[in-house]
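S.K.: Before I ask anything, let me first share the structure, which is written out below as C-alpha cells.
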C-alpha cells in the first residue's frame, strides 16, 4: 500500500503566500506524475497569525505541525509588527520556537550557481564560469550562541562581556553524519571547517569528525580553518561540495555562499531533527516591499519543496523531476525580475506554471 504523507504548510507574511502558491502547484504536478499520496494543511504563522489570533505561533499551528511529516514554511515578518516587543515579533516568536520545539539541530543551505546566471555572480567572470554547487551543513543548537556562561559584568573600564563556545561529542557526531550522508548523495566530498590551531572546541570537533569519517570510506574528508575557508570561497568555490560547520562558522559561511550565487530568490534551506523531521524554507526574507506585485522569484520556495521531498519523505525521483524542470525553465530563458536584468521578466505565477508544466511533461 502506498504511504500517505502529510505536509504542514505555513505561508506566513509578505511574499510568503505568493511563492507558497507556486510550490503548491509544483507539488500538485509531482502528485500527478508520480502518483504520490501527499496531503497538505495550511496554518497561520508570523504576522498573519498575530493579526488573526494574537500570537505569531498559535497552538493550533504547532499541533498541526506535530501531526505532519514535515513543515513547508514561507517567510515571516515586516514593518507592520516591528513595534512589538522582540519576543513577540514574527521572526523570534514563530521561527525560533518551532526550531526549539521540534529539536531541529541541523541546517542545510544549498548554494548553486545555475547555468545562464553567471552574470549575476559577483565573482570574477572566469571564476563564475566554472560554476559551483555547495551544500553548507551547519550545526544549529550548540556552540557559542548557546554556551554558558554568557553575560556582562563590572563597570567602567573593568566592564566585560563574555560568551562560551561549548560542543559535546554527541552534537558533533550527529551533525557530521548529516554531512557525510549528504555527501554520499552528491559528489562524495566533505570539507570540515574549524579553528583547531586555536580553539579547544575545534580540536574536539576535528577529532570527532575524523572518527566519523572512518564509517564513510567512500567520502573524501578534508579540514580547513575558517579564515582560509572564507577566502577560498571567493577564490574558487567550485572546489567545495559539502561544508561541515559549527553554529558560528556555518552562520558566516552560509551567508557568504548565498551572496556569491547572485540572488536570494534561488536559495532554499532545511532544518532537521534526529528523526528526519524538517522545516523547509527559503533563505530570503518576506520582502514586504514587493508582496502582492507578482514579481517575487518563487524558485527558492520550490527548491525548499525539493529538499523536503529528499530529506523528510525520501522521494528522490520526484525531487529530481522538479530540479530538471527548474533547470529547463532557466535554460529556456524564463526569468523573474530579479534575474531578468534588461531582458523580459515573467511573473511569480507564470514561473510557477512553467515549472509545474515541465514536471508533468517529464523534461
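Just so you know, the numbers here start at 1 and follow the chain as drawn.
Each Cβ is built from the backbone N, Cα and C atoms, and glycine gets one as well.
Feature table excerpt (Swiss-Prot):
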BINDING   78-91, 285-297  NAD(+) binding site
BINDING   99, 109, 138, 227  substrate binding site
BINDING   227, 251, 255  Mg(2+) binding site
SITE      145  site 'Important for catalysis'
SITE      195  site 'Important for catalysis'
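Are these features on the surface or tucked inside, and what touches them?
M.R.: Packing around residue 287 (NAD(+) binding site) is summarised by its Cβ count: 24 other Cβ atoms lie within 10 angstroms of its Cβ, all protein chains included. When secondary structure is read from DSSP and collapsed to three states, residue 287 (NAD(+) binding site) falls in the coil class.
If you draw a 10 Å sphere around the CB of residue 109 (substrate binding site), it holds 24 other CB atoms from the protein chains shown.
Note: residue 255 (Mg(2+) binding site) has no non-local neighbours, i.e. no same-chain residues 6+ apart with C-beta under 8 A of its own C-beta.
Sequence-distant neighbours of residue 145 (site 'Important for catalysis') (same chain, 6+ apart, CB under 8 A from its CB) are 247, 248.
Sequence-distant neighbours of residue 195 (site 'Important for catalysis'): residues of the same chain at least 6 apart with a C-beta under 8 Å from its C-beta are 202, 225, 226, 227, 249.
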S.K.: Which one is it: of the binding-site residues 99, 138, which Cβ has the fewest other Cβ atoms within 10 Å in this structure?
M.R.: 99
S.K.: Got a sec? Which of these binding-site residues, 82, 227, 251, has the most Cβ atoms within 10 Å?
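M.R.: When each Cβ's neighbours within 10 Å are tallied, 251 tops the list.
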S.K.: Through the lens of DSSP with three states only, how would you label residue 138 (substrate binding site)?
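M.R.: In the DSSP reduction, residue 138 (substrate binding site) maps to strand.
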S.K.: Based on Cα coordinates, which of the following binding-site residues are within 10 Å of residue 138 (substrate binding site): 82, 86, 251, 291, 295?
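M.R.: Matched binding-site residues: 251, sequence order.
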S.K.: Out of 99, 109, 251, point to the one nearest residue 295 (NAD(+) binding site) in space (Cα versus Cα); all of them are binding-site residues in the record.
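M.R.: Closest by Cα: 109.
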S.K.: Taking only same-chain residues 6+ apart in sequence, whose CB is under 8 Å from that of residue 291 (NAD(+) binding site), what do you get?
M.R.: 13, 14, 15, 18
